[in-house]
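Encoded as structure tokens, the structure appears first; notes follow it.
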Amino acid sequence: MGLHFTLLLAALANCLCPARLCIICDPFVVAAIKTLEQNYLPTHLAPEHHEDVMKRVEQEVRNFADLPLNQNTFLGVVDEDTLEQASWSFLKDLKRITDSDVKGELFVKELFWMLRLQKDIFATLVARFQKEVYCPNQCGTMSQTLIWCNKCEKQMHFCRKSMDCGERQIEVHRLEDMVLDCQLSWHHASEGLTDYSFYRVWGNSSETLMSKGKEPYLTKTMVGPEDAGNYRCELDTVNAGPATIIYYHVTVLPPRSVEEKPPPNIVTQEEEETPVQVIVPTLEPEPEPEPIPTVTHRPEKKLKSRLLILLILGFVVLVASVIASVLHFRKTRVKSKNSNVENKTSAAEFKSEAESPQKMGSRKLSQAEFHTDSSDKVEEADN
């Protein structure tokens, strides 16, 4: 069983590459196939069916070579993003089979169905790569890092097309800003680009460098008649030769005319001489209504009025809260005074009650002394 499936893996490795099925270039796919051989197949497929299954799988794998090789479908190369998408789809379906724990004939059917499906998915991804990603430049030279499926190697590919990207007609009014744009849609995807250089081209074919840098724009403020003429932009690369060359023919137009209109509060002589006409509404369709003077409310005035109302309401609430606080304070103060008076009255009453027995005793003592004195005086008189 191990030998048969090893041969099957060899067939996969040998047949997928000539058929330019690039998923075999992904190390994760190779690891998944190895895991399938060592862990899944020994317990899910009977040994007597290995030879027949292997032949059928080899035939199915050879069918990957049916991909048409032409400029519009497949050239035997892909980019890294397309390879990742194809590998992810293959690994997802293979994991689905192993997670389902299918065995025997059902496993074989699932495996064949997965191989056919992955062939169609890979063909779709490659066709999209050929149409949208592979050499999208219409002019100039573009550099791309691509993967050659027959070798599983990354190499730099140069999409060489006409270096002349045409001439652009630029019209700008005097005293306005002139902007020359040298950026193309494929520049961000190209590799090995350096600086944008803008030149002024004179009549004797000589050139003057105006700017050089990473910015793809040349801006000239307040242009005049002397700025009219021919310009050239060149995008340099790390290799020999530019990636893009664009020419510009600049025409400086006269300044824009500004129509002067009288202010609305000044009445012209024509308006004074013209009698006021009263527009009478008619039954004709879409009559012109008589202009009615309306008071236009500016947003600033509305905002100021709203803020003023909010301030007034806030001030009223503040005054009301202050008045309520003062009344509450006075009320609590009166209550405290009343409680103090009551406390003092009760203390005075208690003191008077305490002093009353002492006063009674003193009164009795004074009366006794009075009687004693009076008796002594009577005795002295008798003597």
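Cβ from N, Cα, C; glycine included.
Just one residue in Ser162, Ser190, Ser257, Ser339 has phosphoserine written against it in Swiss-Prot, and it is Ser339. Per Swiss-Prot, the disulphide partner of Cys182 among Cys17, Cys22, Cys25, Cys233 is Cys233.
Of the cysteines listed (Cys15, Cys17, Cys22), Swiss-Prot assigns Cys22 as the disulfide partner of Cys149. Secondary structure from DSSP puts Ser339 (phosphoserine) in a helix. Residues of the region 'Important for interaction with IZUMO1R' (148-160) grouped by DSSP class, helix first, strand second and coil last, total 0 helix, 9 strand, 4 coil.
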